[in-house]
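As written in Swiss-Prot, here are the features:
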TRANSMEM  7-27  transmembrane segment
TRANSMEM  58-78  transmembrane segment
TRANSMEM  94-114  transmembrane segment
TRANSMEM  124-144  transmembrane segment
TRANSMEM  153-173  transmembrane segment
TRANSMEM  178-198  transmembrane segment
TRANSMEM  199-219  transmembrane segment
TRANSMEM  255-275  transmembrane segment
TRANSMEM  291-311  transmembrane segment
TRANSMEM  327-347  transmembrane segment
TRANSMEM  361-381  transmembrane segment
Amino acid sequence: MQMIKKMVLSETFPGILLIFFTFLALLCKNSSLSVIYTDFFHANFTVGFDHFQISKSLDLWINDGLIAIFFLCIGLELKYEILRGQLKNIRAVSLPIFGALGGMITPALIFAAINYSHDFAMKGWAIPTATDIAFAVGILMLLGNKIPTSLKLFLLSLAIFDDLGAIVIIALFYTDQLSALAIIICLFCIFALLLLNYYHITHLSLYVLVGVVLWIAMLKSGVHATLAGVIISLFIPLDTKNKKPYLHEVLKDLNPWVVYFILPLFAFANAGIDIRDMHLGSVFSPVSLGIILGLFLGKQLGVFTFCFIAIKLKLAKLPENIKYGKFYGICILTGIGFTMSLFIDGLAYKNSDIFEHADKLAILIASFLSAIVGFIYLKIVK
């Protein structure tokens, strides 16, 4: 019993759990359990009453709702580090920003260079720009204490900026229309959160209430609802009026739910991709090559190059006691596009099968390559 408890509480267990549910989802989707698996996550659940109802399939409740809590946790951690931790220095916080820019621009250029002559294919230029923060964090958790906190923080920070960039891309290029009324409600909610923070109110129920309204408004606005989690994290106070830690207490309460429930459930709901009708030969099509080269090579090269240039120009600085070799390993992990890339793929091609699922297969290949190569590289390099 003691051994089981020790294993569950270890740093690597959440990562193992995430990988387990990823492969379980693939197994379910590619076996006789496929129909049960699909029906389960596509089952509709309605919350609300009378005219105030939200009806969504279970997988969307997970992707739009529960993952917002994950982003809340990441935002809280990032806020603490910027205000009191290792990112207090402007040059330290600018490093992941430059990395995120490089990680979006370079893959998009690679994809465009390969697919520029095909108008419909070019709709997917943003597919290789995404990083799946949940799975990247899962790989880091597998490595445990082999990865310094500063590098974990860099990946978390970069992934947040990367996802904010993805949300902007989705809003500008893949959203049919934005709801002005919903956006106005979002702004009112943000103002309410600002007041709560200004008056140093630490009643969590008030933040939850405003946060839920913000999440619903964001859901209706056309902007990705997970952004609500990041916004809420900006306004939760660091301390109580008596100078007792508050933000860390919230984070400590939420963290077990995120690593042991939300992330494994997210993996199980999203990793189920049917690969039975996919042909390996299709990976040599222009769209597939654009995605694979963009995600696997473009992400790591873009992140590293932009960061390296920023450091040399003294616009940013490498985390203390970190060598470029170890830093490059983290850059490799940013190529895990997986669910975020699949999400953008669905928006770009509207679930069209014109490419015979070669686009989805390419995302899987590039993401697994980035995960495996990044993991092995970080295990070897000191």
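Each Cβ is built from the backbone N, Cα and C atoms, and glycine gets one as well.
Taking residue pairs at least 6 apart in sequence, the transmembrane segment (153-173) and the transmembrane segment (94-114) share three or more C-beta contacts under 8 angstroms.
Counted over residue pairs separated by six or more positions, the transmembrane segment (124-144) shares fewer than 3 Cβ pairs under 8 angstroms with the transmembrane segment (178-198), which leaves the two as not touching. Across the candidate stretches 58-78, 153-173, 178-198, 255-275, the maximum count of CB pairs under 8 A to the transmembrane segment (327-347) is reached by 153-173. Non-local neighbours of the transmembrane segment (199-219) in the same chain are 54, 64-65, 68, 72, 182-183, 185-186, 189-190, 192-193, 225, 227-228, 231-232, 235-237, 240-241, 246, 250; each lies 6+ residues outside the stretch with a CB under 8 Å from one of its CB atoms. Counting residues 6+ beyond its ends, the transmembrane segment (361-381) has Cβ neighbours under 8 Å at 127-128, 132, 135, 139, 142-143, 146-147, 273, 275, 278, 280, 282-283, 287-289, 291-292, 294-296, 299-300, 325-326, 328-330, 332-338, 341-342, 345 in the same chain. Taking Cβ pairs closer than 8 Å, the transmembrane segment (255-275) reaches residues 14, 17-18, 20-26, 28-30, 34, 37-38, 41, 58-59, 62-63, 66-67, 69-70, 73, 134-135, 137-138, 141, 338-339, 342, 357, 360-361, 364 in its own chain, all 6 or more past its ends.
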